[in-house]
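Notes to accompany the following structure.
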Amino acid sequence: MSTTSSEAFVHGQRQMLIFLVALCIVVACVLSTDTTMPTQNMSNKERAELREEARDMFYHAYNAYMQNAYPADELMPLSCKGRYRGVTPSRGDMDDILGNFSMTLVDTLDTLVLLGDFTEFEHAVKLVIRDVQFDSDIIVSVFETNIRMVGGLLSAHILAEYLQKHADTMHWYKGELLEMSRELGYRLLPAFNTSTGIPHARVNLRLGMKDPMLKKSRETCTACAGTILLEFAALSRLTGDPIFEVRAHAAMDALWKLRHRGSDLMGTVLNVHSGDWVRRDSGVGAGIDSYYEYLFKSYVLLGDDKYLARFNRHYNAVMKYVSEGPMLLDVLMHRPHAKSKNFMDSLLAFWPGLQVLSGDLKPAVQTHEMLYQVMQMHTFIPEAFTVDFQIHWGQHPLRPEFIESTYFLYRATGDHHYLQVGKKALKTLQQYAKVSCGYAAVNDVRTGKHEDRMDSFVLSETIKYLFLLFSDPQDLIINVDEFVFTTEAHLLPLSIAQLGNATFSFRQTDEHNVLDFMRTCPSSNRLFPEKVRKPLRNFITGSCPRTTAGKRLSALDFQASNADHLRAVYDMGITMVSVGDRSQGKVRLFHSFYNAKSHEEGEMGLQFMQEMLELTKMQSINQLAQLQAVAYATDENPQDWIALMAGPSHFSPELTGDQFVQGDVILAKPLRACDESLENAEEAKGKVLVAERGDCTFVSKARLAQKVGAAALIVCDNVPGSSGETQPMFAMSGDGKDDVLIPVVFMYSVEFGKLSSVMQRRKQPLRVRVMQMVEFKRWQLAKEQRQNQTASVAQKPDKEL
Ligand code: DMJ
């Protein structure tokens, strides 16, 4: 054992010892001070009473805010007035959550619906539409504005439409909250203009990144940059404007690339321009927490397996390095066996809830139990506590995380213990945080001293989760299982995944037309014009020719080069955006009812998207079947064949099943093979000839190869750097005649480059096989099986001995 690892081992043992001793102390304390450890079931009556008490708590805080603080962002519960940015004395960076946009009300809208208070919800929505505006010269936190404001507006929009349908109310509502969230989303977008795609931590609502105060902006936290996707995906899919989702995916991709390749852990703070880590501490609390949460929930909401795979990689790393019994202790991402802190922060209390969602119940129960004991020891969970559960930082701003995990654990297990835990948390809030004007944060859990602060999450999360914990599903107007809770406990429906977001490949020329169309016809790609344009939508109709209504355009008939088709698709509420390198011809389609010309066309759009998905699936299966291979073995490993990807042609015989053509490779002279004959015609006989693309048609090169007696022809691309890995493979077209009888395949430059370098390294000619790629794979598999069998036969006698 090396010195460092033995130190780490001893250190680990010491931590464990401290933990065990500390746990004994805690358990002893808890048992001696609280002999009523919850064991018995809670009656329905008591549970209903607690639900009503949670409701009363909500109104106590909500009314205090509405009557004394609104339209301010927050209530100051001790002075019983509103906290306004630029008016109330500044608290420094902490005030970056405030944008003078009535944050507490926006953050609280969806809780009103969960409580079943449709009258107040309707009233509050009207207030928000009337009073809230975003054109302020204020620097705000991108993360906080997104989770509280964008999330709050979106979820309220979704619920307003839900109530229109299911509660026959709010018929006046026409998507105003969605428009507001779109506007706010646009005001956050300048923050994403960084070389990595990872957003800046702060942005000026009016000036974007042009605010001189933001000139030096560089650093952000992992959670700040990685807690955008749920809201931005919902925003894109509901408005039909892809830009938000595209930016948020890009930020997630960039973050993923920054993980430590050895440990799979993330650091806490990074530079948005260079992508360098500034702080390499890695845990699940402050600075990282909701990045992990959004990886998992993005998979749940959007169904993209990539996010589940990423979450799993991180999760395994956290459980390997950060988790220590029920504790979660920060390590250094690049030296994961070394603990970097000897305390935990209260934000990590969300982790058991996430573990429940991901199906890992046991450690969730353990960590929750540890936290419950910390709570009983100190009345509230302090902002930070040491490994021996002493107070490191005594503040408690009435955070929701522990109650959130309690709720998910109760839903998953049905264990009444969690109802008792919730009761304890509720009664503690009532006894120690309730003041005449709302609920006040606790400045220090040791003294119980209050702070003049009631964060918006007290209403939007803490009390919401308490209310949900004590409610039966039938008490609620919506089925919460059909929603994902964002990190701010806003509700986004799982049906958002069906609103479509699919990437399709068009031929390059088609894609240009698609994008030209997007530039010339009304597009929702720009915020402010769209906002002005929306009321004039019917007015515009005449100025941009429409396809005649009636026959539905099917995905099968759709041609991206047909302007009428593009307009029809647009009317169906489908928008398109080019993704990746334009030369790849990849276009992402987004569908939204909101953008469709009529509901009927919206429905057609949905059908169109489904057909497109089917078609793409079929296309990729067909493509796979048609893919050709140019295979060879190297001198070093003559048994190991390597296959390079190649495309087929429409004019030459197809190689199917176990058919292949084998021969030495030879380059045509001249390489383009467009002349009457070849200088090396004699030599080419019976060989696999290579000719470069260009100067004449594919089929004329094939005819020349056939004329000189070549066994097959490989056409290699003339565009440097092209590759089948990054662009779609295609089949070479002919001229309608079927006089070519030798196989002809196409190779992109990167693949051919590999072949050519092997050819150059050898003294002898290189022998290749031209065949179907699927067949090559089958051939390899069969070979491996044979080798395994031989190996096991050869091992048998030893085993028997
Ligand atoms: C909330 O705004 C969110 O839950 C966020 O993810 C973390 N911090 C607060 C509550 O503590």
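These residue numbers are counts, starting from 1, taken along the chain as shown.
Keep in mind that glycine also has a Cβ here, set from the backbone N, Cα and C atoms.
TrEMBL does not curate its annotations; it predicts them automatically.
Listed features, source TrEMBL:
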- Glu144: active site, proton donor (ACT_SITE)
- Asp289: active site (ACT_SITE)
- Glu383: active site, proton donor (ACT_SITE)
- Glu401: active site (ACT_SITE)
- Thr487: Ca(2+) binding site (BINDING)
- 661-747: domain 'PA' (DOMAIN)
- 1-32: signal peptide (SIGNAL)
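When Cα-Cα distances from Glu144 (active site, proton donor) are compared across the recorded positions Asp289, Glu383, Glu401, Thr487, the shortest belongs to Thr487. Asp289 (active site) falls within a helical segment according to DSSP. For the domain 'PA' (661-747), the model's pLDDT averages out at 93. With respect to their backbone Cα atoms, Glu401 (active site) and Glu383 (active site, proton donor) stand 11 Å from each other.
Ligand 1 lies under 6 Å from the Cβ of the following recorded positions, listed in sequence order from Glu144, Glu383, Thr487: Thr487. In sequence order, Ala223, Leu347, Leu348, Phe350, Trp351, Thr487 are the residues near Asp289 (active site), counting only same-chain partners six or more apart with C-beta under 8 A. DSSP classifies Glu401 (active site) as helix under the three-state reduction. Counting only same-chain residues six or more apart in sequence, the Cβ atoms lying under 8 angstroms from the Cβ of Glu383 (active site, proton donor) belong to Asp345, Ser346, His392, Trp393, Gly394, Gln395, His396, Pro397. In the three-state DSSP scheme, Glu144 (active site, proton donor) is classed as helix. Most other Cβ atoms within 10 A: among the active-site residues Glu144, Glu401, that distinction falls to Glu401. Around the Cβ of Thr487 (Ca(2+) binding site), a 10 Å sphere holds 25 further Cβ atoms from the protein chains shown.
Using DSSP to sort the residues of the domain 'PA' (661-747) gives these counts of helix, strand and coil: 14 helix, 24 strand, 49 coil.
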